[in-house]
Amino acid sequence: MSISTLQKEINKQLDGCFEEMVEIRRHFHMYPELSFQEEKTAAFIASYYESLGVPIRTNVGGRGVLANIEGSEPGPTVALRADFDALPIQDEKDVPYASKVPGVMHACGHDGHTAALLAVAKVLHQNRHELKGTFVMIHQHAEEYYPGGAKPMIDDGCLENTDVIFGTHLWATEPLGTILCRPGAVMAAADRFTIKVFGKGGHGAHPHDTKDAVLIGSQIVSSLQHIVSRKVNPIQSAVISTGSFIADNPFNVIADQAVLIGTARSFDENVRDILEKEIEAVVKGICSMHGASYEYTYEQGYPAVVNHPAETNHLVSTAKNTEGVQQVIDGEPQMGGEDFAYYLQNVKGTFFFTGAAPEQPERVYSHHHPKFDINEKAMLTAAKVLAGAAITYHQL
């Protein structure tokens, strides 16, 4: 069977799997589990593969699941990855498949990622006698919370002998039929900083006798923006956001301490280093001016997701020739973080976005919103692109 004929047959079989995809996705949506707690989700995935007769490894790097599908002829080892953890958010959707777990929901589409990859695995397994190479399905736990599940799975051998990896994220603000993929950085390094300011408290009526931690902290918050505008090359991109400012005191008491917590985002490692150093320089200077002291910690989170050029071109070419794909665009890099970055630091590959906006505009909500949902037809698009990229990779 020619590769083009095989691809059409696989797409036809994926069409036949769509109702099962929806059923599986809705099951996960109703019974979500938080990062590092995905016991039942992992068990469901393992049971599905066992029903197909596909060899698996469980508890990979924690709760990860690996499935191996061997083609009938030698070829490259291609890995496909889907994450499966949920978020601590109360589901507010009025749909039959809304979360049944209070305070927990799939608000980022990981349920759809998993359902799509299971369908791909099923169809590849059914056609294994026509395939060249080995196909590794990586079902990853704990993407949402650092240190994440990718690195422990890699340390536990999930990429052993792997030549390339592909992954996707269903993107609920982009229309169905859209694929966004570009070489280079596509998602940012996501870091966290904590600043503790130690001043001198006192009565609100006597500010001259104090070292006001709230005033000092406020100046720090404002001055941090000067780093982005004056210390980072304008050709580069960076974000510094202070998300928490804590100085809990009665209304008439000047605070002696304040705690600032925020995030720094960047695409380039040199810029990342600049942000870490310059944040402390700002804190040190302002605290010194006021005669205050400070503690500063900077925690590096996931690195930037950086796509490899040749593999990205392959994915783009595949997507352009995939049924159901209406447009393939570069898109803009996202300031969100993703631990898929670790896979791409170890093997070649690419990460792309699959448009998944619900058909009704009033149902379109951003990721991590309590009313988040996807157009379930996007799972089929994602599955076809992933399968196509995987089975044709040996032609590169």
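Each residue's number is its place along the chain shown, starting with 1.
Each residue, glycine too, has its Cβ placed from N, Cα and C.
Per Swiss-Prot, the features are:
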ACT_SITE  Asp85  active site
ACT_SITE  Glu143  active site, proton acceptor
BINDING   Glu144, His368  Zn(2+) 2 binding site
BINDING   Arg182  Zn(2+) 1 binding site
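Known features from Swiss-Prot, placed on the structure.
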| residue | record | DSSP class |
| --- | --- | --- |
| Asp85 | active site | coil |
| Glu143 | active site, proton acceptor | coil |
| Arg182 | Zn(2+) 1 binding site | coil |
| His368 | Zn(2+) 2 binding site | coil |
Are there residues of the same chain, six or more positions away from the residue listed as 'Zn(2+) 1 binding site', whose CB falls under 8 angstroms from its CB, and which are they?
Asn307, Thr312, Asp330, Gly331, Pro333
Hey, of Glu143, Glu144, His368, which of those recorded positions are within 10 Å of Asp85 (active site), Cα to Cα?
Glu143, Glu144
Most Cβ neighbours within 10 Å, among the recorded positions Asp85, Glu143, Glu144, goes to Asp85
What is the interatomic distance between the Cα atoms of Glu143 (active site, proton acceptor) and His368 (Zn(2+) 2 binding site), given in whole Å?
13
Identify, in sequence order, the residues in the chain of His368 (Zn(2+) 2 binding site) that are 6 or more apart from it along the sequence and have a CB within less than 8 Å of its CB; answer 'none' if there are none.
Leu87, Ile89, Ala107, Cys108
